[in-house]
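One structure below.
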């Protein structure tokens, strides 16, 4: 492994970072770029050089995001938002707890993160329905698996909807009026990518009561500036992209795993399928 500075002028380069330096894009010496992030949509904007391996860091992100989702689901079931509101205002009637067991959670995205979310929610007794690509194998922690085209009957039955989607052309504004207006009082959590949700549509669904409340860890514009429309959304909590923070140990462990796979002549599990977008 050599860096961009020093070494033989034509030595192959293996780079680790958030974005390759502009002057290295298109450099024929670059053979492999390992992203320190799980999301790679920004890297793929404008195309990716042919013949350059792109891998990503997942680490323990699924575990952390799964715990985050479970925390907010349980908080909702126990009426924590209402308790907090009553603490800051004159006392009112408390709502009874809404137990998680047997309630339905639609988890969009059945990769590392969605699988970890389903595992935690299932352990708490929720009925988890994974919404993913048709070629994904059945099984895992999901009670049921469907494709995006089959979610219609489930939208009105879901108590929780968790967005763990990557950002691709197919998932941009995936949650727009059609899906959000079909909900019947579900709580919506976004732990995937901000641009998979239309904020105007979410605002309309909140105002109409289709969405009971929203927890948004990711946004298209981060951090949102004062006056950004997201601050006006009712019954919405923002958590500043903190659900699945990547640690340095995650980066080194995943890079090492990719390196060992390549040494063994195998494709790394964390290799990005550029044509698919993740």
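Cβ from N, Cα, C; glycine included.
Here the structure is a predicted model, which means the values were calculated and not measured.
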Report the candidate from 76, 143, 217 that shares the NAD(+) site with 112, 113, 191, 192, 193, 241, 242, 243, 244, as recorded in Swiss-Prot. 217
All chains considered, the count of other Cβ atoms within 10 Å of the Cβ of residue 241 (active site, proton donor) is 15
Cα of residue 191 (NAD(+) binding site) to Cα of residue 241 (active site, proton donor), in Å and rounded, measures 8
Could you give the Cα-Cα distance between residue 112 (NAD(+) binding site) and residue 241 (active site, proton donor), in whole Å? 17
